[in-house]
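Annotated in Swiss-Prot:
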- His41, Asp109, Glu120, Val121: Mn(2+) 1 binding site (BINDING)
- Glu81, Asp109: Mn(2+) 2 binding site (BINDING)
- 125-140: motif 'Nuclear localization signal 1 (NLS1)' (MOTIF)
- 183-244: motif 'Nuclear localization signal 2 (NLS2)' (MOTIF)
Amino acid sequence: MDTFITRNFQTTIIQKAKNTMAEFMEDPELQPAMLFNICVHLEVCYVISDMNFLDEEGKAYTALEGQGKEQNLRPQYEVIEGMPRNIAWMVQRSLAQEHGIETPKYLADLFDYKTKRFIEVGITKGLADDYFWKKKEKLGNSMELMIFSYNQDYSLSNESSLDEEGKGRVLSRLTELQAELSLKNLWQVLIGEEDIEKGIDFKLGQTISRLRDISVPAGFSNFEGMRSYIDNIDPKGAIERNLARMSPLVSVTPKKLKWEDLRPIGPHIYNHELPEVPYNAFLLMSDELGLANMTEGKSKKPKTLAKECLEKYSTLRDQTDPILIMKSEKANENFLWKLWRDCVNTISNEETSNELQKTNYAKWATGDGLTYQKIMKEVAIDDETMCQEEPKIPNKCRVAAWVQTEMNLLSTLTSKRALDLPEIGPDVAPVEHVGSERRKYFVNEINYCKASTVMMKYVLFHTSLLNESNASMGKYKVIPITNRVNEKGESFDMLYGLAVKGQSHLRGDTDVVTVVTFEFSSTDPRVDSGKWPKYTVFRIGSLFVSGREKSVYLYCRVNGTNKIQMKWGMEARRCLLQSMQQMEAIVEQESSIQGYDMTKACFKEDRVNSPKTFSIGTQEGKLVKGSFGKALRVIFTKCLMHYVFGNAQLEGFSAESRRLLLLIQALKDRKGPWVFDLEGMYSGIEECISNNPWVIQSAYWFNEWLGFEKEGSKVLESVDEIMDE
């Protein structure tokens, strides 16, 4: 931790933090976590101060706005934090006296010359709101509060006291520090600022003690027994000792690997007796239908946006006599339709709230009251009918054509642009010119890719869902599924459907909240009925598109998600980073061969090189070539699909199949790899190929690729034989 602090903070900040600890008789050597917290706190205070200025008339400027006017500007905030305590108190009393305000009972961190208010700054590992109210209870209204969390949220008593750029700088720095700490395995040992405050010792009562004893993991009878086991366990050398005991029983015979030893993975994916893998993404992707409404580009509340879109398509909004096209196994179509009508009425009314009434059909859809009942261990032991539920093993499925179709459609170009990326400043160093050029080419390809529209829809929806889940835990809320796209210079609000959030008392990260989705589509589910067993589908009307009448369907599904999945959904834009890194690796490789920057040559062409082409798929058993831009869109779409269908099966498949890929690469490089228990490795891979659409499709593509590689190896062997002769 000491090395980490030295490397990540300025010397002056570290010295001030150490001086602060010395005043309280604390030793930085013994308490590095406290030193880190003080350094972070100090740095945040300086970031806030360095970003905001006032001129002689008291007008506020940010650092960017004040460029060229530095002579007439002074800091808006006086930093009190970091001063010796006696000097800090003197400064605080002087400022209060000078500006005619009451001196706070506690020492502040900052003083705002504009509002003439003292400010307390707080940093927390938990929720910003929780720490805010903890501080508020202690300080009252004696000073303003600015609370920032490593979880990327904040809470300000005065929202106008800090602009968006200032908030962004602070949160970005906290995220950076958290990532660095996690990398060094220091994050878990770090104590939050709020945890340093002293607690209260109390004796455990009988009820709490009993609850503690029945909460221990299986295999332990009570808490004291578990604590005794942990205190006496010796983890050092345990693995080595067990391996030594097993060694006489293990017989390993290495074998040199040949191309003939490799076989396709997951043979069951070709078994036509198995059902096709169903669509199980959280939202519709290529089958989505957005109700478009032209807008001026101003920000709107989601309810206002949805209301305007529904008003434009009133025939769909007012439909009361739908046609049931398809029904999922456990669905109650009448309840689902009633819930949809309630959603439409909630959005269409004049009230600002989007809260839904807790009707019996809403309770059915959200699973209200259907949670498992917890029973004491003593009762369960005495009752012979009580037993552990058998684990549910996923059913095996075969490959489905719709996955490849989704891939093809999502990687195509459209006329709509939905990608929302922040602006970056002008280039300074020569390397930044290269980066900007590559970014320009990359964004031009990705901007109008269908996958980027779907990605932004996921980002916006999961952001709204997480906000509503935290803000309205006990309420049912209607959440519009929206996006904003730009087409030929015009902005359009898009409404893809509505969702209903159930009760969301999410204490743990894996606690589930029920979400019922209602999404518009022009795809008739009967065309590929094997794709939609999880959906109940109604036909709710038709629209005229380019002079042709198209039926509009409402796809309904009862689903669930948790905090972890919602947070990943908010960060789905990370797919851009991964695809851009792969693009840059290809460009760098080409540039190193040619001896100069090949960015333009890869995307278009230059005076010497024609544009690059890459294998992007197969058609009728032959490889299909595509441009560099097309290959980039395919990579980006694959990254998105990896996020959308990500689960334990995909994680396991990726990890296990990586070993097989390394063996194939070694064969291609003619390194003569040796293996043992090859069939065991295949078994580990195939265990993960069950009912995840992306895993099954990846296995299908892998088998195709393996076939091509085997054919190529035969050609090379024939060439070698001719050369030997």
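Each residue, glycine too, has its Cβ placed from N, Cα and C.
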>> On the three-state reduction of DSSP, what should I expect for Val121 (Mn(2+) 1 binding site)?
In response: strand
>> Distance check, please: Cα of Glu120 (Mn(2+) 1 binding site) against Cα of Glu81 (Mn(2+) 2 binding site), rounded to an integer number of angstrom.
In response: 9
> What is the average pLDDT across the motif 'Nuclear localization signal 1 (NLS1)' (125-140)?
Replying inline: 87
>> Under 8 Å between C-beta atoms and at least six apart in sequence, can you list the same-chain neighbours of Glu81 (Mn(2+) 2 binding site), or say none if there are none?
In response: His41, Leu42, Cys45, Ala88, Asp109, Leu110, Val121
> Using an 8 Å cut-off from the Cβ centroid of His41, Asp109, Glu120, Val121, can you name the remaining same-chain residues around the Mn(2+) 1 site, in sequence order?
Replying inline: Val44, Cys45, Glu81, Ala108, Leu110, Ile119, Gly122, Ile123, Met146
> Which three-state DSSP class does Glu81 (Mn(2+) 2 binding site) fall into?
Replying inline: coil
>> For a quick check of packing: other C-beta atoms within 10 Å of the C-beta of Glu120 (Mn(2+) 1 binding site), how many?
In response: 22
